[in-house]
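Pulled from TrEMBL, these are the features on record:
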- 326-333, 372-376, 426-429: GTP binding site (BINDING)
- 75-111: compositional bias 'Low complexity' (COMPBIAS)
- 112-125: compositional bias 'Basic and acidic residues' (COMPBIAS)
- 202-211: compositional bias 'Basic residues' (COMPBIAS)
- 317-486: domain 'Tr-type G' (DOMAIN)
- 45-239: region 'Disordered' (REGION)
- 320-468: region 'G-domain' (REGION)
Amino acid sequence: MAKKRVHQIAKERGIPSKEVIAILQRAGLDVKAAASSVDEAAVARAFGDPDAPPAPGEDGASSREGGAARDNRSATRAAGATRTAASSGRATARAGDGQASSSAHGTSAHGTAREPSDGVADRTRRQGAGGRAEGTSGRTEGGQGRVGAGSRRAAPSERSARPRSPRPARLGEGGRRRRVVIDAQASRPERPGGPAAPPGQRPRRRSRRRSQPFPEQEPAPTDTTVVEEAPAEVEEAIPVRSGSTVKEVAEALGVSAPEVIKKLMELGELATLTQTLSDEAIEVLADALGKRVEVIGAAEDETAEPEVEDDSEQLEPRPPVVTVMGHVDHGKTSLLDAIRKTDVAAREAGGITQHIGAYQVTVDGHRVTFIDTPGHEAFTALRARGAQVTDIAVIVVAADDGVMPQTLEAIDHARAAGVPIIVAVNKIDRENADPQRVRAELAAKNLTPVEWGGDTEFVDVSAKTGQGLDQLLETIVTLAELSELRANPNAPASGTVIESRLDTGRGPVATLLVQRGTLRLGDPIVAGTQAGRVRAMTDYRGERLKEAGPGTPVEVLGFDGVPEAGDRFRVVESEREARRLAQERAQRLKQEALARQMRRRVSLEDVLARAERGERQLNLIVKADVTGSLEAIVDEIAKLPQDEVTVNVIREGVGGITESDVMLAAASDAVIIGFNVRPVGGAAAAAQREGVEIRTYSVIYQVAEDLKAAMEGLLEPEQVEEVLGVAEVRAIFRASRIGTIAGCYVREGTIRRGARARLVRDGTVVYDGRIASLRRFKDDVREVQAGLECGLTLENFQDVKEGDVIEAYEVREVEKKLA
């Protein structure tokens, strides 16, 4: 037949020339470029055209007796063409023709190709005298990628029905799966005319295959399942404790410690096996190692009680926990006093609640636990803590003052806790009270009153006259009943530390809110870093209790130290177990503090730069009566501007000011701040002897004001320049003993003798010094006013020219203020 060039074949068949070259080369043709010429018959056989003529010497006895080696090469080329068909969607017809020819004469074309497997030839001989079965078996074992659907269906059945025989190494499992899937698509009946699907052979093979005594098996679902890969799951974050050492991080990430150290060195960090890593370093390291981590702090990974779901039969109704929140001086404590018929507000310094108070009252036979939170802006953390343990939030708003910043903050805390809100509009007895304005302002904040079609209960009350208190209590009880608050009183007790302090006579005292179980005298207990045994328990009135059920606030004695407000507490099996848990948490917190210190660590260059800038530092020792107030003071200190004066709290604690505090302050040049505490023992005498300043306060905002004033006192005075006058040089006179005299005209201000002056020439300062002498006519004068002429000389400067401008100025020191 005639020959064609490769690029002509590619154009006719609509495929790239490179793909045509690859197909022809795998068919055994010597083709190297797009300009190469190829016989059309060979091209037809290579592309599997149905009318392709058979290759010379592949029919008759030659194929059966003397063509074993040639058939072996044909099988090899067919396997190569199968791999090409996996990417181009076409199968090789040359091997198919060889198979058809061999089948017609009763010989398997691939019996020779699978010589390493003698079992295949034996099975081929056993399958009967018909060449059909022999050819089918050969095709199934040697050329899965180029047979019809019927033959391919037989393959899984045969493989499952007989012992496995070794497969050629070139047919890997993955390659076989890909070829099967492609043939499953190519062998569909609705696509009989494609170049990779000889239509004249497939129906015949399917009919033959149906006559085989093997069960039918649909290959598509099985083979497709093998090929399809499940979507990659998102890698879960590996939990790593904050403050972990290099060794602990390596164990958590599942890599060797030397690999972690090497990666840290690549990141510019030299670390040892026991060195603590900061949270940022752990995250960067994990990212470099291709891992996802979640750094868990002690507060998040607290050794709290395990999650236990109590049976509904064990649950009993419990008192609701109601948190009273609102802006400062809106009457929260007075409202609670009116409910409890006591007088706490008068005892609070400045009329401002300084810490959380937890109380319990009885309303129509129902017990209700109230938590009173401070309203001052410094107590954000305390309000948030109160909202976290509450069931109902009562937002107190003064009718004469309206919605204020801490009102909105309290609403946000309640919403974040997901608890129902009751708005108590207080002080309605005042003349300028406007409850409707309060409703309108809160409606704008998505707290719409029930009477306006919303879902928020509004109650008008007066703590002074008692008006509306009954309605408020009824609303609280009704809302609590609707919430169906229940807990298991028979479980080991657990709950939250509401407040804690160090009492002079009783030691550490903690106010606990029992949320589950019953707390009893003698129970081993752990809260945060403190452990102990319940040695005494009293209610808010000071009456001793033997046990406290869910929803009950109690004061507990018996902790080894003062627990942090907000810590979770729980009863454990023994006091030894409680101390072990407390020590573990203390170690965790110590590691976290070390990690934070590693993060804040500065280099020597930073220290030198700060020293050159003259940065100042104010060291403080802070002592308070309760942990909540201590936390608020430290937060207030952190809010102070510290760009130029750094405030460093070197010690903070609960209890009186001791002699140890004074000695530390003397050694570190610190000031002692006491809140609702006084010096104890010989602390006052030691402070006077060592020259240590002790400042005590009872109202928190005074602490911030005094600290700001003290920080301003550490600042260097600011240098402020003030221009006195400007003179223009109009003439130059030279005297032998005096030097150059500048004849000037004062344009503005005043020129004074001895004042600082700068000489400006063409916008550039060429001299900065002082005016040595000043004369008007022949008289020495102290100053010359604007609009007059004068003569002057400058200290140690003679290069004065006509047209120069002399500016007289002075520099004043102004006390600097913090931003």
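Each residue, glycine too, has its Cβ placed from N, Cα and C.
Classification of G326 (GTP binding site) by DSSP places it within a strand. Cβ-based neighbour count (10 Å, all protein chains) for D329 (GTP binding site) stands at 18. K332 (GTP binding site) falls within a helix when secondary structure is assigned with DSSP.
For the domain 'Tr-type G' (317-486), the predicted model reports an average pLDDT of 78. Other C-beta atoms found within 10 angstroms of the C-beta of I428 (GTP binding site) number 20, with every protein chain shown included.
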